[in-house]
Structures are given as C-alpha cells and as structure tokens.
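One structure is given below, encoded as structure tokens.
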C-alpha cells in the first residue's frame with residue numbers, strides 16, 4: 001500500500017528563494033542564541049565544570065538550548081529543507097527525535113540530581129519541580145515523548161492504513177508545533193528564573209547580566225516565532241519528489 005498523494009502548493013523559484021532567505025536567518029539566529037547562552041555562562045556565571053559543584057548546573061541552560069530549542073527547531077523544519085523519499089525523511093525524523101529525547105532525559109536527570117549541590121547557593125536548598133518553568137518543561141517533554149510514540153506507530157508501523165495516517169497528520173503537526181512553542185516558552189522562563197536566582201535583588205538595578213538575560217529571552221521568542229512561521233506557511237511546504245510515494249517499511 002502506498003501513501004496517498006497530499007495537496008501541495010506549487011513552489012516557484014521566487015518562493016524557494018524566500019524560503020532559502022528565511023532558512024539562512026533561522027540558522028544564524030539559532031547559532032547566535034547558542035553562542036549567547038555560552039557567552040552568558042562563561043562571562044557571568046563562572047563557566048562550566050564536571051567536578052566543581054557550583055558550576056555543574058550551568059550545563060543545563062546550554063544543553064537545553066541546544067537540544068530543546070535549536071535541534072528541535074531543525075527537526076521540525078526537516079521536511080521543509082531536505083528533498084528525499086518521504087519514507088527516508090520519516091526515518092530521519094524519528095531518529096532525530098529519538099536522540100533529542102535521550103539527551104533531554106540525561107540533562108533532566110542531571111538537573112534533578114543537582115539538588116544535593118543547592119545548599120552551596122541557598123540555605124535551605126531550592127526544591128525541585130515547583131516553578132512554572134519546570135512544570136512546562138515536564139509537559140513539553142511528555143508531549144514530545146507521546147508525539148514520538150504515536151508518530152512511530154502511525155507513520156512507521158506498516159499495518160496502519162494510509163487513510164488513518166492522512167487523518168492524523170493535522171493533529172500530529174498541531175501537537176508538534178505546540179510542543180515546540182511550549183519549549184520556547186519554557187526556555188524563556190528558564191533564562192528569567194536563572195537570572196533572578198543568580199542576581200537576587202540586584203536584578204532590579206538591571207546590570208549587564210540582567211540585560212544579557214533579557215536579550216536571551218527575546219531572542220528565544222523571536223527564534224520560535226520564525227520557526228512557527230516557516231513551518232506553517234503553505235508556500236514553504238516541500239513539493240513531492242517523483243519517487244516519494246514508496247511502500248512503507250515492511251510492506252511489499
């Protein structure tokens with residue numbers, strides 16, 4: 001059984017040029033965001049360490065920015081950029097998100113384990129999982145996992161009929177974009193939370209670190225808005241290749 005052909009908006013050279021322009025901006029802003037997080041930690045938070053208890057939590061904002069914002073954004077736009085058979089793109093998409101989930105689990109466990117280091121900063125230690133940032137992080141991660149499981153079953157499992165795949169696609173896209181939007185909101189709240197905990201009342205004076213933190217939040221939100229625009233604009237949807245409609249895995 002083959003995948004039924006979807007309705008596509010025909011791309012013109014001008015549309016392709018626009019997408020290329022936006023994609024370049026997308027990559028530049030994403031890399032700028034990662035560099036800015038790295039700069040902030042190095043110049044204001046003392047850098048990174050695997051042995052210094054005070055510096056171990058600094059890995060969290062950097063790795064979450066890489067995985068939950070930058071890599072997630074690239075995974076969302078994967079279908080828009082690469083021209084390959086749809087089945088290969090599905091496999092790559094699944095592998096991409098499998099890696100993202102694995103890294104988030106490691107980073108999340110490291111963050112929860114950092115509870116024993118927190119008396120070095122505050123006394124009593126700040127508890128886990130009480131803030132809106134942590135709640136949104138858990139919800140985002142749960143949605144990504146559910147998306148991964150449901151997407152694997154619907155789009156890679158050979159016994160699911162093609163009409164069900166087509167019916168579920170709008171929901172898959174909606175919850176995927178929603179998960180990414182939550183990741184952006186969670187990231188912005190995370191930057192704000194770390195700045196507040198680090199500066200305390202000094203944040204009210206808007207020091208240099210406070211300005212950098214605010215700019216990180218704005219850059220994160222702008223980046224998320226750009227990705228949502230690119231993934232929802234019909235003209236940017238990829239045209240099907242001639243060999244796109246191949247049998248699914250395991251079907252002959």
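For all residues, glycine too, the Cβ spot is worked out from N, Cα and C.
Taken from TrEMBL as is:
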TRANSMEM  21-42  transmembrane segment
DOMAIN    25-232  domain 'Cytochrome b561'
TRANSMEM  62-82  transmembrane segment
TRANSMEM  94-115  transmembrane segment
TRANSMEM  135-157  transmembrane segment
TRANSMEM  169-191  transmembrane segment
TRANSMEM  211-231  transmembrane segment
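Only residues 6 or more beyond the boundaries of the transmembrane segment (211-231), in the same chain, are considered here, and those with a CB under 8 A from a CB of the stretch are 19, 22-23, 25-26, 29-30, 32-33, 36-37, 39-40, 44, 65, 69, 73, 76-77, 80, 177, 180-181, 183-184, 187-188, 191-192, 194-195. Within the chain, the transmembrane segment (169-191) has long-range Cβ neighbours (under 8 A, six or more residues past its boundaries) at 61, 64-65, 68-69, 72-73, 76, 131-133, 136-137, 139-140, 143-144, 146-147, 150-151, 154-155, 213, 216-217, 220-221, 223-224, 227-228, 231-232. Across the domain 'Cytochrome b561' (25-232), mean pLDDT in this model comes to 85.
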